Amino acid sequence: MTALSSVDFCLPEHITPEIFLRDYWQKKPLVIRNGLPEIVGQFEPQDIIELAQNEDVTARLVKTFSDDDWKVFFSPLSEKDFQKLPEKWSVLVQNLEQWSPELGQLWNKFGFIPQWQRDDIMVSYAPKGGSVGKHYDEYDVFLVQGYGHRRWQVGKWCDASTEFKPNQSIRIFDDMGELVIDEVMNPGDILYIPARMAHYGVAEDDCLTFSFGLRYPNLSNLIDGISKGFCHQDPDLNLSEFDLPLRLSQSEQRTGKLADENIQAMKQLLLDKLAHSEAFDTLFKQAVASAVSSRRYELLVSDEMCDPDEVRSILEEDGAFLSQDNNCKLLYTENPLRIYANGEWLDELNIIESEVLKRLSDGESLDWAFLSDLANKTEDPETSMDLLLDSICNWVDDGWALIE
């Protein structure tokens, strides 16, 4: 069995995960030279141009006609969109781990950040001079150079008051503030940029930049999850206390008026109730887990069906492992242990299945010896292994697991 601790992270030798999270994460940018050499050669520019034209892909084509004339075109893109291009342009493809499990496995190099914060891997191709302008993002990102070279400038912190160029189809601005980074990234280099920090990348030649994006849920995500929890109540979760009418003091007022003090009183009663309700604590935990394990993009799976005997045969070979498919968002909560995959709570797992998925979500790769040991600890090892192999087939078919 290979555990998470054996994975080599993409940080410099002198920066441990603890140091990075303390001194850099959401505080300041960091250049990591040759931090991810494994990405070099996985894609070439033509691969991305062709992929962007796939009808199932989420892509954007940004054309720069002048400093004040930017146009963006959204998927579906076709070959016609790539004809008569201006000198400066870029094409961006989202959710690239959907199309390359090998690329998706590189998420493990960022395992010092919990996977519930992962968004997706985006790739940007641009010829010399191509860019998407000076901008900032609402999420943290590791920009990895996979092909060619790109010059990156990182400047000021931005917020809701940051002014954008008017009449443009993308959110860009002119004022980068004082530059804190002005570097050319080579293949394999990484640039970490915190959320809301101005940055500007320009292709030095034909280049591919891969963005490993990380983000948090917003309040609307959580409120939506809580609402669904009330609508589809867990039979083990007693939410009847929330069905009781609110008791409000009454003051004289017009017949048709809903007074502000009544609204504020209801708000305070609600907040007090939420703060002292074990049932709501459980519901909120479920809502958070569901929100952060949900994918932004539709999951595409193969039509081919996995065979349990074939899975057994492969896993019995030396060097074969079961691991998480990083195209899936897999996580767990504790007290009690609950497993979530792509926004769903998996509430019908047995003990062995829960243990396997928990370890996969922690970045471990499991071999046949480990899986057999789990089954051998049960009263009926043969039946337990047969059930586990059936489940592994379902996980592979659903895009949750890989057999390597």
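Along the chain as shown, the residues are counted starting at 1.
For all residues, glycine too, the Cβ spot is worked out from N, Cα and C.
Checking the candidates H149, H199 against Swiss-Prot: the one annotated together with H135, D137 at the Fe cation site is H199. Under the three-state DSSP scheme, D137 (Fe cation binding site) falls in the coil class. Counted with DSSP, the domain 'JmjC' (102-231) comes out as 25 helix, 50 strand, 55 coil. A 10 Å cutoff on Cβ-Cβ distances gives H135 (Fe cation binding site) a total of 18 other Cβ atoms nearby, all chains included. For H199 (Fe cation binding site), applying a Cβ distance below 8 Å and a minimum sequence separation of six or more within one chain yields K134, H135, Y136, W152, Q153, V154, G155, I193. Same-chain neighbours of the Fe cation site beyond H135, D137, H199, judged by a C-beta within 8 angstroms of the site's C-beta center, are, in sequence order, K134, Y136, V141, I193, M197, A198, Y200. Over all protein chains present, the Cβ of D137 (Fe cation binding site) has 18 other Cβ atoms lying within 10 Å.
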